[in-house]
Amino acid sequence: MGGCAGSRRRLSDSEGEETVPEPRLPLLDHQGAHWKNAVGFWLLGLCNNFSYVVMLSAAHDILSHERTSGNQSHAVLLADILPTLVIKLLAPLGLHLLPYSPRVLVSGICAAGSFVLVAFSHSVGTSLCGVVLASISSGLGEVTFLSLTAFYPRAVISWWSSGTGGAGLLGALSYLGLTQAGLSPQQTLLSMLGIPALLLASYFLLLTSPEAQDPGGEEEAESSARQPLIRTEAPELKPGSSSSLSLRERWTVFKGLLWYIVPLVVVYFAEYFINQGLFELLFFRNTSLSHAQQYRWYQMLYQAGVFASRSSLHCCHIRFTWALALLQCLNLAFLLADVWFGFLPSIYFVFLIILYEGLLGGAAYVNTFHNIALETSDEHREFAMAATCISDTLGISLSGLLALPLHDFLCQLS
C-alpha cells in the first residue's frame with residue numbers, strides 16, 4: 001500500500017502537479033486528541049481518588065494495630081473530612097483562579113507524602129497527618145480537575161467520573177490483594193508511589209492543550225492537538241471567564257447552582273448515613289459469612305454500584321437529580337427500619353439494596369456535573385464546577401454528625 005501511494009506521488013510530480021495533503025490528517029489528529037483527553041481525565045479521576053482510598057484503608061489498618069479507641073477512630077474521620085471541606089469552601093472564593101499546574105503539583109506531592117507518612121508511621125499522630133495529606137490531595141485535585149473540564153469538551157466529565165468510581169473499587173481491591181499476598185502495609189504503600197507519578201504524567205504529558213478544542217484552522221488543530229499540557233501553563237483565563245466575575249455575579253451564579261447542589265448534598269447525606277451508621281448493624285446470623293466479611297461485601301457492592309453508574313452517562317442521562325435524592329432517602333429509611341425491626345429474611349436483599357444505593361449515588365454525581373456543563377454559560381462554567389464540588393463533602397460531613405451518634409445509640413440497645 002505504501003508503494004501505491006509513492007507511485008501516485010511520483011506521477012503527480014512528473015506531471016508538474018502540486019501534491020495535495022491527505023484530507024484525513026486533521027480528523028485523525030482531532031480523534032487522537034479526543035482519546036488522549038478521555039484517557040487522561042479517566043486516569044486523573046482514578047489517581048486522584050485511588051491514593052485517597054488506599055491510604056485511608058492503610059491508616060485504619062495501622063491504627064487498629066495500635067489499639068486505638070473509638071475517639072481516635074473518630075479523629076481519623078475528622079482528619080479525612082475537614083481538610084477537603086475547607087478546600088472546597090475556599091474554591092468559590094477564588095481558589096479555582098490559581099494556576100492549574102502548581103495546584104496539580106501540590107496534589108501529587110501531598111498524595112505521595114501521605115503514602116510515605118503512613119508507611120513509616122509509628123504513632124497515631126503521624127498516621128493522622130498522612131490522612132490529612134491524602135484529604136488535601138483529593139479535595140484539591142477534585143476542585144482543580146472539575147474546573148479544568150470547563151476548557152474541554154463536555155464528554156470528559158463522564159471520563160473523569162468513571163475514573164473516580166473505578167478508584168473506589170480498584171483502590172480497595174489492590175490494597176487488600178497485596179496485603180493478602182504477603183506484603184506488609186508498609187511495603188504495599190511504598191509500592192503504590194507510582195500512583196501520584198501517574199497523576200502528574202496524565203496531566204502534564206497526556207492531556208492536550210485546551211486551545212486545541214476550538215482551533216482556528218486545520219494547521220492549528222494539527223499542531224496543537226499534538227501538544228501535551230506540559231508545553232503550556234494552566235489554561236489561559238480569557239476575558240469573560242471566571243477571573244472577571246464580580247462577587248455579585250458569583251453570588252448570583254451560586255444561587256442558581258443550588259438547584260444542583262442541594263439534591264447532591266441530600267444524596268450523599270443519605271448515602272453516607274447508611275455507610276457510616278448502618279453497615280455494621282446490618283448483621284445476619286443465618287449465613288456462612290462472618291460479620292467482617294459481610295461488611296466487606298457491603299463496601300464492595302457499594303463501590304461496584306458507584307463505578308457502574310458513574311460510567312453510565314453515555315447510556316443514561318438523568319436531568320432531574322431530585323428524584324435520585326428522594327430514592328436515596330427512601331433507601332435510608334428502609335434500611336434504618338430493618339436495623340430497628342429486623343424484618344429482612346436474607347442478607348441477599350441487603351446486597352441488592354446496597355448495590356442500588358451505589359448506583360443512585362454515582363448517577364447523582366455524574367449527572368449533576370454533566371447538567372451544569374450543559375446549562376451554564378462558558379464564562380460561568382469554571383466557577384460553577386468549582387463551587388458545586390462542596391456538595392458531596394458537605395453531605396458526608398452532615399451525615400457523620402448524625403450517623404456516628406446514632407450508630408453508638410443503636411449499639412447500646414442491641
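Placed from the backbone N, Cα and C atoms, the Cβ positions cover glycine too.
Taken from TrEMBL, the feature region 'Disordered' applies to 1-24.
As annotated by TrEMBL, transmembrane segment applies to 39-63 (among others).
If you look at the transmembrane segment (75-98), the same-chain residues 6 or more away from its ends with a CB under 8 A from one of its CBs are 56, 59-60, 63, 124, 127-128, 131-132, 134-136, 138-140, 142-144, 147, 237, 242-243, 250, 254, 276, 382-383, 385-387, 389-390, 393-394, 396-397, 400, 404. Per TrEMBL, the feature transmembrane segment maps to 75-98 (among others).
Annotation source TrEMBL lists transmembrane segment at 104-121 (among others). Same-chain neighbours of the transmembrane segment (104-121): 47-48, 51-52, 54-55, 58-59, 62, 127, 129-131, 133-134, 136-137, 140-141, 144, 185-186, 189-190, 192-193, 195-197, 199-200, 203-204, counting only residues six or more beyond its ends whose CB sits under 8 Å from a CB of the stretch.
Annotation source TrEMBL lists transmembrane segment at 128-151 (among others). Sequence-distant neighbours of the transmembrane segment (128-151) (same chain, 6+ residues past either end, Cβ-Cβ under 8 Å): 41, 44-45, 48-49, 51-52, 55-56, 59, 75-76, 79-88, 91, 95-96, 100, 103-104, 106-108, 110-111, 113-115, 117-118, 121, 157, 160, 164, 196, 199, 210, 213, 235, 369, 373, 378, 381-382, 385-386, 388-389, 393.
Feature annotation from TrEMBL assigns transmembrane segment to 157-176 (among others). Sequence-distant neighbours of the transmembrane segment (157-176) (same chain, 6+ residues past either end, Cβ-Cβ under 8 Å): 37-39, 41-54, 57-58, 142, 145-146, 149, 188, 192, 299-300, 303-304, 306-311, 313-314, 362, 365-366, 369-370, 373.
The transmembrane segment annotation in TrEMBL covers 188-206 (among others).
Here TrEMBL flags 257-274 (among others) as transmembrane segment. Within the chain, the transmembrane segment (257-274) has long-range Cβ neighbours (under 8 A, six or more residues past its boundaries) at 321-322, 324-325, 328-329, 331-332, 335, 354, 357, 360-361, 364-365, 368, 371-372, 384, 387-388, 390-392, 394-396, 398-400, 402-403.
The annotation transmembrane segment is assigned in TrEMBL to 320-341 (among others). Within its own chain, the transmembrane segment (320-341) has Cβ neighbours under 8 Å at 260, 262-264, 266-267, 270-271, 273-274, 278, 281-282, 350, 353, 356-357, 360-361, 363-364, 367-368, 371, 410, counting only residues six or more beyond its boundaries.
Non-local neighbours of the transmembrane segment (347-366) in the same chain are 157-158, 161-162, 164-165, 263-264, 267-268, 271, 274, 282, 284, 286-287, 289, 294, 297-298, 301-310, 312-313, 316, 318, 321, 324-325, 327-328, 331, 334-335, 338, 392; each lies 6+ residues outside the stretch with a CB under 8 Å from one of its CB atoms. The feature transmembrane segment is assigned by TrEMBL to 347-366 (among others).
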